[in-house]
Amino acid sequence: MATNGHFAPIGSDSSDKTTYEHGVQVIDENKEFNTNLTKYLTFENVTPAGFNYHLISVFGSQSTGKSTLLNHLFGTHFSVMAETERRQTTKGIWLSKNKNGDGKSMADNILVMDVEGTDGRERGEDQDFERKSALFALATSEVLIVNIWEHQVGLYQGANMGLLKTVFEVNLQLFLKDKNTTHRSLLFFVIRDFVGTTPLKALQKTLMEDMSRLWDSISKPPGLERSTVHDYFDFQFYGLPHKSYQPEKFVEETKKLSLRFREGQKNATLNAQNGEFSEGGVFLPEYHRRIPADGFSVYAEGIWDQIVNNKDLDLPTQQELLAQFRCDEILREVMVAFDEAIFPFEDKQSQASRLGEPEVLGGLGAAMRSARAKATKNFETEASRYHKGVYQRKRAELEGKVDTRLKALFQGQLNAAHKSGINDFSDAVTAEVKAGQKKGTGYDFAEIVNDEVKKALQKYEEVARATVVEGAPWSNYQQELALYEKELSEVSARLRRDEMRRLATRVERWVQSRLGESVGLEFNALGSGRAGGAAPESGEKPSEKKFWDRVWNLFVETVLDAERRFTDRASSFDASLEEVDVGLWRLRRKSWGVLRAKIEEEMTEGNLLLKLRENFEDKFRYDEAGVPRIWRPTDDIEGIYTRARESTLTLIPLLSRFRLAETSAPPPLDRWVGHTPSSATTADEEDLPPIGGVDEEEGKSLEEEMTILGDAKRQELTIRFKKAADGVYVEAKRSAIGGMTQVPLYFYGILLALGWNEIVAVLRNPAYFFLLFVCAVGAYVTYQLNLWGPILKMTEAASNQAMIEGKRRLREFLETSDTGRQAIAMSSSGSSRSGNEHEMSRLNKQGKSSTDEDVDDL
């Protein structure tokens, strides 16, 4: 007996291809299914064939030459029985691929199953395996070859009529489970040892009569009582000569028979009931079980599991389970390739999100489109062969998984483009504004914003279009584009507000500078009481009475000028009327704050007291023509002092309250500032200081807002001013009294009498006279040039330097000469006896010691 060499039996885990060279054991004699069937199909390159494969099973009694027939027909190497023995050879079910196919004469990928023979003594009465193997073969095979000898035709047991009856019953069982599909199969009777004495037609007729009887004998479900065997089975017949007696003819006929195993088409003109049977290709489309090759192993295992556990065989359910299993496998495989393509982008996007730095990923759109197309195409190619309902459901699941991740990437890309676009837009506008400011030629803010908005939208749409996945329902960015445009508008408005704030700040600084200068000049003018001869006798000049009028007019004119500047510049920002109104309202409030701060600065106690004193001194020390007064005892010092003091004192109540001379009331600040614009926001108001009489919540009236000095301050300021004025008056009084001390006239007569000789000597001597004349001219020129002060200082400095130099030389002389050293020694010995002696080095120019000088300073 030849054994199944290079066949993979049950329990073999070898991955060596040589183990599967001749085939694989599908089911062993113990009803165990071989899970390595997939490996064999992979090694034989059947797995990727899809539906392009065919499965044949052979039935027959034990030791009737089934394996021999298959080996000659398909070039397989199934074990055959030795001619010297009569025993079981094939145990279980074995499978091998056709080795004779050349791609032309036979169909591709023919798989042949050698089923254990029936009626064997090894199993005896146990027919359970026969029934289960028949059911398995019928559920999986397109063609069932029934191998019988010619002399067995007409017998019941010898012709395997019992097994065929089982096949018919099983087929009806399968039909009841799936009434939508007619499971049609071909029963191919190969009559062995055919000698031709009985014509093949007669044998066909006998067998068909037996088939009809068997069919009629089985119990049928309601509705199928009138059905015939031809409704579910097709039949073909072929006779083969005796292998031992006619070996050459046997080989020749098997070659002819092998040519029948190709794809064919049903011939509708043949009537099987009249004994007309096809002699063409045996593989008709309706025979195929429509199980893809890559799922056959799983399907066969599921079928056998139900059969071996005596469960009702439900092929539709098994097909759905197979489709579920294979579609899940294919989906996982497809997702692995999808992950490889997409995960790097997901990782980059996730990292950028964690870092808070949005990044537009280059090449994302192409990768997404390619990954999605490949995933759906690969899944469709592999899974579309399976159960349509399961396939469509799993395809939807795949698309859902793929689209969920791609949608997240798409949204992330749009978000990154959104955020980076907003940042770039803001930076670009800021940079353009700064560039315009540096050039100093001015810039059109609205034009800058419009240009940058166009660039930002164009860039965003480029990114979005590049990321779009055609056919994906989520791949529409119009809503995101609208949100992007909206935020660009909001950012533009914010940048415009910021720019207007900066403009307002610049205008406010300009107002502050102008008001600081002009109002400062008005306050400085208060320090001068000189007005020329036109000054009235009372000293109350109109200019002082209208001081606040001038300040208010200056303030209003300055702010109006600033408002014109602000309005002209804001027009280039494309600002709305509401924004301009808010800006002008803020400018007026800020300007009032600037004026009030300047007034408070000028009205500090020290500054105001100084201005009052200067005002008083100008009125007191200068006459009506502005000429300085030289006080004489005959002058009315008290009257002038009183008038100047009272005139200056009138400034204190004048300055204490901001009132207009024309109306004797505070300026209309509330009307001038105006009401808060309706478009003003909280942010517009939060940095504005409250104004009394304008802001109700401030709780201050306009009168209180215009009060510069309180009563206590006025009283204190009046007292201090009077004290300062009294000091000036006392000084003037002393000056007038000091002028009364004069040299007696007789002194000049005595001086003339006693110095007459010297005067005559000088006048008579030309040299003396000329020297006197030169000295007089020099003294006059020095006086006119006001050089007596510098000359005296230079003289004093020269004398001090001469004194220091003299002391130094004297010290050197005393230290270097013998006499000097003796004198120093004597001075040192006597210093303890006299505390009044001093070192010369400690004498100053007045001859005092430094100690005496320190006492004088105290």
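Using the three backbone atoms N, Cα and C, a Cβ is placed for every residue, glycine included.
The shown structure was predicted, so the numbers you read here are calculated from the model rather than taken from an experiment.
Quick look at what Swiss-Prot lists:
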type: BINDING; residues: GLY60, SER61, GLN62, SER63, THR64, GLY65, LYS66, SER67; note: GTP binding site
type: COILED; residues: 443-501; note: coiled coil
type: COMPBIAS; residues: 683-697; note: compositional bias 'Acidic residues'
type: DOMAIN; residues: 50-300; note: domain 'GB1/RHD3-type G'
type: REGION; residues: 669-697; note: region 'Disordered'
type: REGION; residues: 821-858; note: region 'Disordered'
type: TOPO_DOM; residues: 1-742; note: topological domain 'Cytoplasmic'
type: TOPO_DOM; residues: 788-858; note: topological domain 'Cytoplasmic'
type: TRANSMEM; residues: 743-763; note: transmembrane segment
type: TRANSMEM; residues: 767-787; note: transmembrane segment
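In terms of DSSP secondary structure, the compositional bias 'Acidic residues' (683-697) contains 6 helix, 0 strand, 9 coil.
Nonlocal intrachain contacts for the region 'Disordered' (669-697), taken as residues 6+ away from its ends with a CB within less than 8 angstroms of a stretch CB, comprise 556, 578-579, 581-582, 585-586, 588-590, 592-593, 703-706. For the transmembrane segment (743-763), the list of distant contacts is 769, 772: same-chain residues at least six beyond its ends, Cβ to Cβ under 8 Å. Cβ crowding, taken as the number of other Cβ atoms within 10 Å, peaks at SER67 among the binding-site residues SER61, GLN62, SER63, THR64, SER67.
Apart from GLY60, SER61, GLN62, SER63, THR64, GLY65, LYS66, SER67, the GTP site neighbourhood in this chain, defined by C-beta within 8 angstroms of the site C-beta centre, holds GLY117, ASN147. Each of the binding-site residues GLY60, GLY65 was scored by how many other Cβ atoms lie within 10 Å of its Cβ, and the smallest score goes to GLY65. Around the Cβ of LYS66 (GTP binding site), the number of neighbouring Cβ atoms within 10 Å comes to 27. Averaged across the topological domain 'Cytoplasmic' (1-742), pLDDT in this predicted model comes to 82.
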